[in-house]
Amino acid sequence: MGVMWGLISVAIASLAQLSLGFAMMRLPSIAHPLAFISGLGAFNAATLALFAGLAGYLVSVFCWQKTLHMLALSKAYALLSLSYVLVWVASMLLPGLQGAFSLKAMLGVLCIMAGVMLIFLPARS
């Protein structure tokens with residue numbers, strides 16, 4: 001049950017990260033506070049994505065809390081790294097997120113996946 005909550009948390013956090021990325025590429029830079037605030041007041045897709053991403057992180061924290069009650073931290077923490085994989089893949093597949101493929105990034109993703117698999121392998125008796 002703890003793994004399920006962890007995977008739900010990872011999925012929601014990944015969606016939240018993608019949503020925030022979408023919003024930040026479309027909203028005015030926060031370096032220009034007045035333009036940024038007026039951009040938030042426009043209530044367009046970027047503003048909705050920003051608030052959806054923030055809400056997603058909040059829900060993800062609730063799921064993560066449930067995970068930590070049911071799963072050892074050493075295993076739960078390994079699940080978080082799957083979010084990097086999901087966001088990387090989604091940023092390349094979804095239009096407008098400007099993700100780029102590179103062999104170096106692919107090697108990093110493979111290392112993450114191998115590490116998670118090693119942590120979740122059953123212990124020898």
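Each residue, glycine too, has its Cβ placed from N, Cα and C.
The membrane topology recorded in Swiss-Prot places His32 on the side opposite to Ala123. Cβ atoms under 8 Å from those of the transmembrane segment (101-121) belong to residues 74-75, 78-79, 81-82, 84-85, 88-89, 92 of the same chain, restricted to positions at least 6 beyond its ends. Proximity of distant same-chain residues to the transmembrane segment (77-97), defined by a Cβ-Cβ separation under 8 Å and at least 6 residues beyond the stretch ends, is recorded for 3, 6-7, 9-11, 13-14, 17-18, 21-22, 25, 67, 105, 109, 112-113, 115-116, 119-120.
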